[in-house]
Amino acid sequence: MSQEKYIMAIDQGTTSSRAIIFNQKGEKVSSSQKEFPQIFPHAGWVEHNANQIWNSVQSVIAGAFIESSIKPSQIEAIGITNQRETTVVWDKKTGVPIYNAIVWQSRQTAPIAEQLKQDGHTKMIHEKTGLVIDAYFSATKIRWILDHVPGAQERAEKGELLFGTIDTWLVWKLTDGAVHVTDYSNAARTMLYNIKDLTWDDEILELLNIPKDMLPEVKSNSEIYGKTAAFHFYGGEVPISGMAGDQQAALFGQLAFDPGMVKNTYGTGSFIIMNTGDEMQLSSNNLLTTIGYGINGKVHYALEGSIFIAGSAIQWLRDGLKMIETSPESEQFALASTSDDEVYVVPAFTGLGAPYWDSNARGSVFGLTRGTSKEDFVKATLQSIAYQVRDVIDTMQVDSGIDIQQLRVDGGAAMNNMLMQFQADILGIDIARAKNLETTALGAAFLAGLAVGYWEDMDALKELNATGQLFKASMNESRKEKLYKGWKRAVKATQVFTQDDDAE
């Protein structure tokens, strides 16, 4: 009797690595998770030890096998999804990184980004990459490493060094250095990739003096890239056949295959991605244009808006203000509120993200009265998440010309029913919460499984992650717009306030 076969997804995140094994129904049968250390050499800098990331991945692969008694020979294929933009540069011969991985959040390369802006390259880089110039993306991180590690530029020019985002690093390690590749979605976040021509951009590479030989080959999101070296996968030589950055993997896991479909992951922040189909649409309102996924010879583009504070606002209520003891408790508090929604919390703790991009804004509260209760404050904080999502969704509709009919949601805060209902009300559209909230890992598994025929085609996937719950808008139009206008006034007032004494 033949053994049952499975797909393994490796989900390499900012604070931990996970391995999840899925069956043919898309159900999770085993998982393992391991955190790894964050490194903060200076204020605003965030780094990881790339070997510690690799060790954590090895550990969770073993953990997933041990928990389930599934053997490596039962894994049909491996899919990888990863924290995007985080940058590793390593020695081609020894495999040893020449510096820590510089993490997507790290601001140490901001002066390089500022110089590019001052030199007038904003328009050119936006038109080619779909991105705004920022330290967030990999390009400035590579330049920083080549500048700060003695001899690195010369070694890179001699072809002795390799660059990769975390997907590339993990495939290189799993194949024992045999394969140096990335995928469309990760390449699109480097600020070096021309997303229209689907090539590394020579003009930007020359501008930053980054040797092309360092860069991985760019592949589709679903094809066999190589096989695991047996000694790195507990005796199994298994195809690695799916790769995508975490937010794009979630888009795929949410089955958002058609233009106009949108997903929002409510994590620490919120990442809203809209499938715009085979047309690259540049935003005129500070959204990012990127590649959603490329499969079967066809690329699907996407618009992305990032909100800095979502789930972390609930953590602030719990840890900072001690208003609640657990995050799920926020729902009960909000439902107990008797306010008429006149309180507005603007959680601009680290500035405002899309579409404002105001790094100087700071958090504020409006509409307090003597009668305002703790419950009212918790409710207003939850509502702030939904208001920010509306800011981005409205902008997406303007940029794309597409009328959005539904928002597909996942992530921790998506479990909050009160928040999801208010989100539906303030948007005036349906909110579809996935039955399986593991959409990021599931997306990587789907991409890997399609490449090896584990699932026949994308239509077969549509049966596997049905909507768990649908929240329908029930608020009348005049109240919806009155509340949202109040939010816009609160944001405007927040941006006027400054802590700078010289601004008088």
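A Cβ is built for glycine as well, from the same backbone N, Cα and C atoms used for every other residue.
The ADP binding site annotation in Swiss-Prot covers T14, R18, T268, G311, G412, N416. The number of other CB atoms found within 10 A of the CB of R18 (ADP binding site), across every protein chain shown, is 22.
The Cβ of Y136 (sn-glycerol 3-phosphate binding site) lies under 8 Å from the Cβ of E85, W104, Q105, each on the same chain and at least six residues away in sequence. What Swiss-Prot lists as sn-glycerol 3-phosphate binding site is T14, R84, E85, Y136, D246.
Neighbour density for T15 (ATP binding site): within 10 A of its CB lie 11 other CB atoms from the protein chains shown. In this structure, T15 (ATP binding site) belongs to neither helix nor strand by DSSP; it is coil. The ATP binding site annotation in Swiss-Prot covers T14, T15, S16, T268, G311, Q315, G412, and the record cites sequence analysis as its basis.
For E85 (sn-glycerol 3-phosphate binding site), other Cβ atoms within 10 Å of its Cβ number 24. The glycerol binding site annotation in Swiss-Prot covers R84, E85, Y136, D246, Q247.
Among the features that Swiss-Prot reports, phosphohistidine is placed at H232, with the record citing sequence analysis. Just so you know, the Cβ of H232 (phosphohistidine) picks up 17 other Cβ atoms within 10 Å once every protein chain is counted. Reduced to three states, the DSSP call for H232 (phosphohistidine) is helix.
Take the mean position of the Cβ atoms of T14, R84, E85, Y136, D246, the recorded sn-glycerol 3-phosphate site; other residues of that chain with a Cβ within 8 Å of it are N82, Q83, T86, V103, W104, Q105, R189, G245. By a simple count of nearby Cβ atoms, those within 10 Å, the most crowded of the binding-site residues T14, Q247, T268 is Q247. The record gives R84, E85, Y136, D246, Q247 for glycerol. Within 8 Å of the mean position of their Cβ atoms, the other Cβ atoms in that chain belong to Q83, T86, W104, R189, G245. Cβ neighbour density within 10 Å is lowest for Q315 among the binding-site residues Q315, N416.
The Cβ neighbour count for S16 (ATP binding site), using a 10 Å radius over every protein chain in view, is 13.
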